[in-house]
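Here the structure comes first, spelled out in structure tokens, and everything after it is commentary.
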């Protein structure tokens, strides 16, 4: 099905540019194009997610949410961003100035590096490494470095406690994220994201992989919610205990970047779950229902990708607004005494299933 | 695009944060006030800094994490060839997991996973 193949588009852009200028300039122009597209995409998704979260929160708490700025309050987050841009940048006098300024760079760059490797549609992927999944896991774990630096360099007790909690939480749940993704690598036999998506053309791994894939999917959702420091696992910035956790001392646009990075990490987690377990941009197919499959093929892959991603984001947001916050010892117990042993057994079951060829 | 996309994404992230911070540096208002630049402690006067010795209750988890994270790095290449290698890969990973599970059980028994 090549109805919506983006590689022809990128090729025609490449050819059009080659006809106009020297090869070196073509590369530079393409780089700038991709960079601008990513920048716009990042800002747009970030703003949209803040708006969606406030609306979901309002819906659950039986309020209206933002509804004054623009139609349905759609421009509210833009207004907030402009306000934050013109706010004074405060810094504690006794803080470590270099590390304090470095921390927002690290969190934003880490999320940028990870989002670049996502396959949005066929041929629409900036970075298709043969170790794609491994790359994303390793790059996202850089975020904890930024959080620890932010907390420590502020020279504030709330920040330090928040950063320490966050460090313990993120590294613990990183294990579960890695292990639940491992099951799909065993199934598909590749770490390359485009290959993993292609292997789901006849059915998503959530359905093809029987029960173990479903267990891995649930574990991934829980663990990645915890890894992105979102409620009910938002111990790092528990408002009622630690003011704002690791970014207590940040103000203005630097604070906004921590906020933005958190939302983009949530987008990344949902997009990764959609790509690996729910077929990415592949349409929903059922074996034997030829007519149904044809109809599904006509829905563009970008719609499929973002539909799945935002459905998962909605679930993650529901987690935050409906569950009470866990205590830190309950959180670590959940990871080390439940998720980790279940994951180890699950991987063994998956490799047995693959060995016997029981998956579809 | 190949591996150079990593550099590109790095530069784009740098540009986003850098330009916004520089913009705020020039256009945001500035005013001097002593208590504005003190660490936030719910309004009471600040006592000492935060850079002091305190018991990090999480260090045991960090140690166990180190062990398991290295194991996962070993598991990724195994997962990729599991499909082709068949029985021998399965037997090896069972032995591997037995040792790993023994380690986890030991840590559990020694109360390393207990909050204190």
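For all residues, glycine too, the Cβ spot is worked out from N, Cα and C.
A quick note: this is a predicted structure, and the numbers were derived from the prediction, not measured.
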Among ranges A:78-97, A:298-317, whichever one TrEMBL labels transmembrane segment: A:298-317
Contact between the transmembrane segment (A:298-317) and the transmembrane segment (A:255-278) (3 or more Cβ pairs under 8 Å, separation 6+): yes
Non-local residues, at least 6 beyond the ends, that sit with Cβ under 8 Å of the transmembrane segment (A:338-355): 173, 175-176, 179-180, 182-183, 186-187, 209-210, 212-213, 215-216, 219, 222-223
Touch test for the transmembrane segment (A:98-121) and the transmembrane segment (A:173-197), at least 3 Cβ pairs under 8 Å: yes
Outside the transmembrane segment (A:255-278), six or more residues from its ends: residues with CB under 8 Å to it: 42, 45-46, 49-50, 53, 81, 84-85, 104, 107-108, 110-111, 114-115, 118-119, 133, 136, 140, 143, 146, 150, 181, 184, 193, 196-197, 204-206, 213, 216-217, 220-221, 224-225, 227-230, 246-247, 305, 308-310, 312-313, 316
